[in-house]
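*Asks:* Quick paste from TrEMBL:
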type	residues	note
ACT_SITE	K107	active site, proton donor
BINDING	K71, K95, S349	substrate binding site
BINDING	T191, N222	NAD(+) binding site
SITE	D147	site 'Important for catalysis'
Amino acid sequence: MQEKSEVVCEVCKLQLDKIAEARHLTELELKVLNQPKRVININIPIIMDDGSTRIFPAYRVQYNDARGPTKGGIRFHPKVNKKEINELAFLMSLKCALVDIPLSGGKGGVQVNPRELSEGELQRLSRAYIREFAPFIGPDRDIPAPDVNTNPKVMGWMLDEYEKITGKKAPGVITGKPLTIGGSRGRLYSTSLGGAIILGEYMKSAGKGGKGTTVAIQGFGNVGSHLARILDEWGYKIVAVSDSKGGIYNKSGLDVKKLVKENDGKNVQEIGGGEKISNEELLELGVDVVVPAAIENVINIKNMKNIRAKIVLEMANGPVTTGADDYLEEKGVVVLPDILANSGGVVVSYLEWVQNQCNYYWKEDEVNRKLEEYMGHAFAETEKVRAEAKGSYRRAAYIVAIKRILKAEEDRGIIVKKKA
Ligand code: NAD
């Protein structure tokens, strides 16, 4: 009997099991995919401003390094735990393989509420993370980046600490840095541009144009706001956006430029320009494209029957639950999956690392042109497999990524194929 997947993420597990069954993956192949190669857990003590000591659990997972150094963000969040970091590292492995960059998946995190820390405490924690994990990371080994509640400023502190420890400049040890210390042009909006390219490629393949296509976006943070700006510039009609406080809807199209300009400090309902709606209502609007770009599990068995959009562009990680994913597939709703739609960020992270390793920096246009090539190629490969296998884009994207990881393991002699 085929061994079942043990991967913790429900959607990943289901896809892996279906692929394992259809493609007759061996037990060894499934084991390679199921298990992280290295999980490091360190409890980091920090002297707080008031003189007390607090201990923060911190993690780094290097999921699979067959295709190159591991890569993945570091999140600071009170709910961070080993299971979550493991699952995100697995998704990073798939993303890196799907967009065909010579990197593998990793992830890190600290269980902390950064809002409870002073700026000094936050900097001490960020530097301590790097001191503790320095033996395991490096430009040719494992390359962290920002994630939830970490940003270019934190990456700057972390880079500085790493260079102090090693005694030499090593900008390629971390990506998502400020431009002044080796960041890449275009990185700030690369996830959004990548998603817009994937949507554009899908529209082209379906014989449709983007102009006038109606779009509702949940989440108006880094990803959602840049995506709204780009799609608006490309002629799509953004009719609804939201943030954690609620959303706005205008069937004639929102004034995206105004929303983007005034986004700093105000929520979208305060900026206005449309009728107030809830986040739940936004997802159920009769639009062409709905974009969850905030948090996970927002389309689930409770609301799946009310989804009227024909296309779901998954910019958040895991916004559609397993049951809802199956239902939408059966109903013929096209779900452009997270590992494809939001992988623009890791592509430009890779391009940042390449620039660091060469100490030669590209103009914004050049970075964006390269991003377009990687995303276009990833879509084309996924589309080819989807057309052959007649399944969803998610299944096809998983197949492309898994095949590449397993082939790398085979070429390293870890997986030995038996002769027929
Ligand atoms: P962000 O923190 O900048 O923005 C998040 C937005 O979602 C904010 O507008 C916030 O108000 C809103 N939000 C929070 N809780 C909400 C809720 N319950 N309902 C509706 N809206 C809510 O984050 P981001 O960088 O824009 O990331 C958004 C999503 O995209 C996350 O799932 C993240 O994991 C994923 N993602 C981000 C990147 C990246 O490069 N930033 C890359 C890949 C995936």
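Yeah, the Cβs are placed from backbone N, Cα and C, and that goes for glycine too.
Automated prediction, rather than curation, is the source of TrEMBL annotations.
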*Asks:* Just checking the recorded positions K71, K95, D147, N222, S349: which sit within 10 A of K107 (active site, proton donor), CA to CA?
*Replies:* K71, D147
*Asks:* Show, in sequence order, which residues other than K71, K95, S349 on the same chain lie with their Cβ within 8 Å of the centre of the Cβ atoms of the substrate site.
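*Replies:* Nearby residues not in the site list: G72, M92, C96, I101, L103, G105, A145, T175, S343, G345, V346, V347, Y350.
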*Asks:* Give the number of CB atoms, excluding that of S349 (substrate binding site) itself, located within 10 Å of its CB.
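*Replies:* There are 27 of them.
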*Asks:* Restricting the comparison to the recorded positions D147, T191, N222, which residue's C-alpha is spatially nearest the C-alpha of K95 (substrate binding site)?
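*Replies:* Among D147, T191, N222, T191.
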*Asks:* Which recorded positions from the set K71, K95, K107, D147, S349 come near ligand 1, judged by a Cβ under 6 Å from any of its atoms?
*Replies:* none
*Asks:* Using CB atoms and a 10 A radius, I'd like the single residue among the binding-site residues T191, N222 with the highest neighbour count.
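*Replies:* It comes out as T191.
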*Asks:* Tell me, by DSSP, whether D147 (site 'Important for catalysis') is helix, strand or coil?
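*Replies:* Assignment for D147 (site 'Important for catalysis') reads coil.
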*Asks:* For K71 (substrate binding site), which of the three DSSP-derived states applies: helix, strand, or coil?
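*Replies:* Where K71 (substrate binding site) sits, the three-state DSSP reduction gives strand.
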